[in-house]
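Chemist: One structure, pasted below without further comment.
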Amino acid sequence: MDRMPGWADAILVPLISLLLAAFLSALVIIGIGESPVAAFKLMVEGALMRSAGWGYTLYYATNFIFTGLAVAVAFHARMFNIGGEGQAMIGGLGVALVCLYIPWPHWSLALLGSAVGASLFGAAWALIPAYLQAKRGSHIVITTIMFNFIAAALLNYVLVNVLRPVGAMDPATAKFPDATHLPTFQDMFSTAAAPMFRGAPANVTFFLAVIACVLVWLLIWRTRLGYEIRALGHSEPAARYAGISPVRTVVIAMLISGGLAGLMSVNTTQGEAERLILNSIEGAGFIGIAVALMGRNHPLGVFLAAILFGFLYQGGAELALWTTIPRELIVVIQALVILFTGALDNMVRMPLERIFLSLRRRKS
Amino acid sequence: MTLMHKFLATAAVLSLSAGAAAAEPALIFDLGGKFDKSFNEAAFSGAKRWADETGGTFREIELQSEAQREQALRRFAENGNDPIIMTGFAFGNVLGEVAPDYPDTKFAIIDMVVDAPNVRSVVFNEHEGSYLVGMMAAMASESDTVGFIGGMDIPLIRKFACGYVQGVKAVKPEATVIQNMTGTTPAAWNDPVKGSELTKSQISQGADVIYAAAGGTGVGVLQTAADEGILSIGVDSNQNYMHPGKILTSMTKRVDNAVYDAMEAGTDIETGIYVMGVGNEGVGYAMDEFNADLVSADMQAAVDDAAAKIGSGELMVHDYMSDNACPVE
């Protein structure tokens, strides 16, 4: 065996990457004359020590779980779906149509309806790139990223020309009916004596995301379809030899991926804004790539990585509120984490692997 | 638990007493960012002017995401900041929900009307200002073809475009106005390269005066227009200085005055709708030493005449957003 133990791969590598990113971020903060210790304290206090902070952290995390799972599922079939952004946008359109045009009696039914709408629309948006990849060999990276732009243009057209209430300034739909209001954490956990999660946008969709994690785990490791997806991902000729249709598997994997990406819009559109706005996705589709990379395409890893990125987003907001650190540098800090945990993964892994191997050799 | 209560009570008293003393105003910039050389920067310069003149301080935040709108409003309100000023219509819905939760805090929103007893809604008649610069564009044009480059394709920018076209046609009914929007996503507010490309394309179609209502994208429009030797028109802030002698004028939208007034009024700020048009110098066109040679006395007289008529109500400029349509193309 020339591999390091599983725990080192799953925990030690991301941890060291994080520490490196934190170290560089600290240098950046020192560089602009602020105290990194104070900044880190502010981030932790703002994101994790107050219930409202958790409310924001988990709200962002919900988005990242969905988009992270979307990337992970596609990646098991060795499809690099970077169109989560567009699929989520179109998913939002599904949510808006379902919420606006169907008179829901209760939020729970509305949630089911909008989840179906979001995943169908998101999946539909992934269908064309999937078909082009499976049948025509057009590279999925190219087509999915191009579909992001088409989605933005389509959404803009629909919002400005079709769904916008007359006279409204914002390119956005009307507010959804009250019956579709999803319970936020504030509604669920607050009592009159102890208000919790005040004003925070985290809502019941978070639990939907947790369920999605479990379902994706079941799908990938406990079903025949999941086996086919993984088999195809490892080797297409072998999968073909085993009687697995690559076309069918690629299309289905991409449909599931697109559906998951679409689902994040339930959180932003129905859960937070309660209307469809133009930029409700704000890069969560791309963050999903980093989340999936860091989470090793495993639902549990995706879940933890999504919480980490939720923390970075919410902590970044706290920095912006109470310090003079400009927002560009907050983006730099977030980017450093993505760089180290995602792109520079091997930089940590390879030396670590060598250390483990030499240790083992010495033992034997 | 009791310790916690005591702590909370002390904190509440502290924040109350802090609020009772001179409350610190707060300013929230929209996603475009503080230094967009345009709308948000105008707000910042107004706040800075207030701070310099009074020695006061203010809190500020540049937003990074949509969810932060509500967060920033609530955190500032809970922190005792008053008044809380925000730039951009996108805050409308959120403020409508947040304002009633903090009845003792005053809010001011620019570019949007929010109907709440503790909100000042500052709106600008951009179509009037655009009409005036449209007239100047038509008079300065030799090819009788002028251009308009908008930022993101939204009703507000169509309102600019519609006022501009009306102004052009008022002077030269046969003139052609080429209209382009930079994009359909918020990135269109900050894409100078695309602005430059659109400018080149409009020049190739014969435009010799181009009006940029595009936030940071406009920087590329003004630069390319200056490089190619045609005239351009800036927006929001007075941008004449950026290319002296190459920028015909700027459609000024005195966001800085709106912010300054709100901070000056402090916690006693009057609420309600506050319209800033040509009449009360909320919008207008910029004249300074950088464009003095470009604007003849005749031009200025004609535009001033129109401004007076708009101010008195004699001349009505159609507002695109009143019916989502423009009478002229």
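Backbone N, Cα and C atoms are what each Cβ position is placed from, and that goes for glycine too.
It should be emphasised that the depicted structure is a prediction, and the values quoted were computed from it without experimental measurement.
Pulled from TrEMBL, these are the listed features:
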type	residues	note
TRANSMEM	A:12-33	transmembrane segment
TRANSMEM	A:53-75	transmembrane segment
TRANSMEM	A:87-104	transmembrane segment
TRANSMEM	A:110-128	transmembrane segment
TRANSMEM	A:140-160	transmembrane segment
TRANSMEM	A:200-220	transmembrane segment
TRANSMEM	A:241-264	transmembrane segment
TRANSMEM	A:276-295	transmembrane segment
TRANSMEM	A:302-323	transmembrane segment
TRANSMEM	A:329-352	transmembrane segment
Chemist: Do any residues, 6 or more residues outside the transmembrane segment (A:110-128), come within under 8 Å Cβ-to-Cβ of it, and if so which ones?
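Modeler: Distal contacts: 81, 83, 86-88, 90-95, 97-99, 102, 104, 143-144, 147, 151, 179-180, 182, 204-205, 208, 251, 254-266, 269-270.
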Chemist: Which listed stretch (A:12-33, A:53-75, A:140-160, A:241-264, A:276-295) has the most C-beta pairs under 8 A with the transmembrane segment (A:302-323)?
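Modeler: Highest pair count goes to A:53-75.
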Chemist: What residues elsewhere in the chain lie close to the transmembrane segment (A:53-75), defined as a C-beta under 8 angstroms and at least 6 residues from its ends?
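Modeler: Tertiary neighbours of the transmembrane segment (A:53-75) are 45-47, 81-82, 84, 87-88, 140, 184-186, 197-203, 205-206, 208-210, 212-213, 216, 219-220, 229, 233, 253-254, 256-261, 263-264, 267-268, 271-272, 284-285, 287-289, 291-292, 295, 297-299, 302-303, 305-307, 309-311, 313-314, 317-318.
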Chemist: Taking residues 6+ outside the transmembrane segment (A:12-33), which of them lie with a CB under 8 Å of any CB in it?
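Modeler: Answer is 39-40, 294, 305, 308, 325-326, 329, 332-333, 336-337, 339-341, 344-345, 348-349, 352.
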Chemist: As a test: from A:87-104, A:200-220, A:329-352, pick the stretch that has the greatest number of Cβ pairs under 8 Å with the transmembrane segment (A:140-160).
Modeler: A:87-104
Chemist: Are there residues at least six beyond either end of the transmembrane segment (A:276-295) with Cβ under 8 Å to its Cβ atoms? List them, or say none.
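Modeler: Beyond its ends, the transmembrane segment (A:276-295) has Cβ neighbours at 14, 60, 63-72, 75, 82-89, 92-93, 95-96, 148, 155-156, 159, 163, 170-173, 261, 264-265, 268-269, 301-306, 308-309, 338, 341-343, 345.
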Chemist: Is the transmembrane segment (A:329-352) packed against any residues at least 6 beyond its ends, judged by a Cβ distance under 8 Å, and which are they?
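Modeler: Distal contacts: 4, 8-9, 12-14, 16-18, 20-21, 24-25, 28-29, 32, 287, 289-290, 293-294, 305, 308-309, 312-313, 316, 319-320.
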